[in-house]
Amino acid sequence: MLLLRDISKVYQGRSPAIALQGINLTLPQGEFLAVVGSSGSGKSTLLNILGLLDRPTTGEYWIDGTRVRGWSDARLARMRNETLGFVYQSFNLIPTLSARENVELPLVYRQVPPKERRHQVDLWLERVRLSDRMHHYPAELSGGQQQRVAVARALVHNPKVLFADEPTANLDGDSTDEIVRVFDEVHASGQTIVLITHDRYFAQAADRVVKLAHGRLVSEAVTRRAN
Amino acid sequence: MRIDDVVRHAVRPLRVYKLRSGLSLMGILIGVAAVITLTTLVRSASLSVSGRVENLGTNLVIVTMNPLVEASNMQDGLTLRQSRSLERLPGFALAAPVDYETTTAGHGETTAPVTVYGSSPRLTSVLQYHLALGRNWTAKDVSTQQRVVVLGSQTSRQLFGERNPIGRRIALNGASYRVVGVLAPKGAFFDINQDAVAIVPITTYQMQSGIHTVESVYLKTASPAANPNEIHRLEDRLNHDLGNANRYTVMTQSEMLTVTHKISTLLTRVLTGVAAISVLVGGIGMLNVLLMSVSERVREIGVRKTVGARRAEILAQFMLESVIVAMIGGMLGAALGIGASVLLTQRLHIALVLNPWIPAAGVVASMGVGALCGIYPAARAATLPPVEALRRP
C-alpha cells in the first residue's frame, strides 16, 4: 500500500536541520501502524510525507503501486482527496461550517452530488454518534465531539489510508476511549491506519509499532494484538 | 468543487464574520454613494440651471454693472433714461431696468423677509411671473413714482394669511405701499425663494434709495436668439454711455448656457475624480481587511488543502468572497447614493435627474475593485503550502 525507500528530509535554513534520514518502511493494506517517539523525533514530518503534504529531500515514495515523483500540487491534492484521510490533535475543524458541513468537505472537493453526499455524511455522523449535533458549529461542541467530527470527515470519502497525528492528546479519558473505539471499528473493517501517538495504551491498539529517534527508525515491534 | 459549493463557501464567512465583512465593505459603500450623489447632484443642478435659462428665452440679454464700478463711483452707472434708450436699439424689443435689495416687509405687527425689485412693468413678463390676483402696476405708475407693489405669493401669505391683500398697504423701508397685485407661486430654485418678492416701480425705488443708477438691465431681442450684431450694437451704446467697457458685463443666454455647461463639466470631472479616489481608498481598506482575513484563516486554508482543495479552488473561494463583499458594498452604496440624491435635490429645490447607468456602473465598478483587491490576498491563500498552513496557530 505505502512504501518508503531511504527517505530523508532536510529543512534548509542558516543551519540545515535533518528531520528524517534513511527511512525504509512498508505499510501493507489493512495494517494499523503506530509511530511513536519523543518530540522532535520526526514523527510529524514522516506523516506529512506519507500524507503527501510535504515532499522528501531524497528517497522514493510509492503509494498504491505508483511512485510519487514530480507530481503537481493539483495531482497531490487530488490524491489526498481520493486516497487519504487526516485526523489531527487540534481537530482542525473549520469554525464557519457546521459539523455536517465539515464532514462533507472531502466530498465537496470531489464534486459528489449533494444527495449522495448527504447520505454518506449522515452515515458517518451516526457512526461517531453525533447525528443529533450535525447542525452545531465547532464552538458549540466539546473537544471529544469535535474530534469525532474530524474522524468522520477523515473517513467519509472512504480513504485507503487514515493518518492520525496525536488524535487523543487533547481529550479526556472518555473521549479518548470513544476515539479508540472508532479506530478499532474501522480497522476491523479493513481500514489502513497510520497513527502517531505518545499514548502507549492507544499504540497497543495497532498491529505494529515503530519508534523514531533523531529522524531515524530505531525499533519496530509487532504488538500482541497482531498476533 | 461545484459552483454552488464555491458560492456557499464564499458567502458563509461573510455571514459569520459580520463585523469584518461590514468593515471591509464600508469603504466601497461610501465611495460608490459619493460617486452617485455627486454626479447626480451636478447633473441635476446643471440641467435645472440650463432649463431655467432656456425657459427665460434664448433672446434674453442681461447687462450688469460691474460691482467695482458701482462701489467706487455709484453715479457712473446707467441712468434710467439711458437704460430705457437701449430698448430702441435696432433688433431689441424691450428693456427692463432692475435694481433690487433684500429687506423686510411689514403689515401691522406682521413682518416678512423679502427681495424688493425696482423695475418697469415688463419685468414680470421677462421673469415669467404670472398674476394670481389684482393687476400689475403701469408705466404711468412708474412715471408718477406711485407707491404701488405687486407681491410674491409667499410674502402675501406671510403678511395677510388667506385674506385678499389687494388695496391693503404694506411698509417697505419705512414707506407705505398699496398692494395692487399678487403673483402666482413659482417655487424655490436652489436657495432662492422666488415667491418672497415685492416688485415696485423703479422710479419709486430710486426715490426711496436715493440712488439714481440701475444695477442691471434685462433686454429681449426681437429675433428668437440674440445675434452678434445686436450684441455689438448694444456694447457700442454702453461704451458710449459709460465711456469704458470694463464697467459692465453683457451676458446672453447662450453664453450663460455655455458657462453653465463648462462649470458643470468641470465640476463633474473634479467630483468624479474625488469620488474615484474615495472608491480607491475604500478598495485599499478592503484589501487590508482581506489580507487580515487570510492571515486569520491560514489554518482553514491548510485544512481545505489537506482534504483535497486545489489552488484554483482556494483562489476562487477567496476572490469570490472579495467580489461579493464589494458587490454588497456597491449595492448598498448605490441605494445610499440614490437616497442622498433624492433628499439633496429636494432640499435644493431642483429636479432629480438620475441616470440609471450610474448606480449600475457603480455596482459593476465596485465588483471590479473587489476582484482587483481580492487577487493578492486570494493568491497568497492559494499558494500557501498545506503543511506550513497547518503549523500556524
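Heads up, the Cβ atoms here are built off N, Cα and C, so glycines get one too.
From a predicted model like this one, the values you see are computed outputs, not experimental measurements.
What TrEMBL annotates here:
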- B:21-226: domain 'MacB-like periplasmic core' (DOMAIN)
- B:274-386: domain 'ABC3 transporter permease C-terminal' (DOMAIN)
- B:21-42: transmembrane segment (TRANSMEM)
- B:270-294: transmembrane segment (TRANSMEM)
- B:315-344: transmembrane segment (TRANSMEM)
- B:356-376: transmembrane segment (TRANSMEM)
| request: State, in range form, which of B:21-42, B:315-344, B:356-376 has the highest count of Cβ pairs under 8 Å to the transmembrane segment (B:270-294). | output: B:21-42
| task | For the domain 'MacB-like periplasmic core' (B:21-226), would you mind checking the mean pLDDT of the predicted model? | result | 86
| request: Could you give me the DSSP helix, strand and coil counts for the domain 'ABC3 transporter permease C-terminal' (B:274-386)? | output: 98 helix, 0 strand, 15 coil
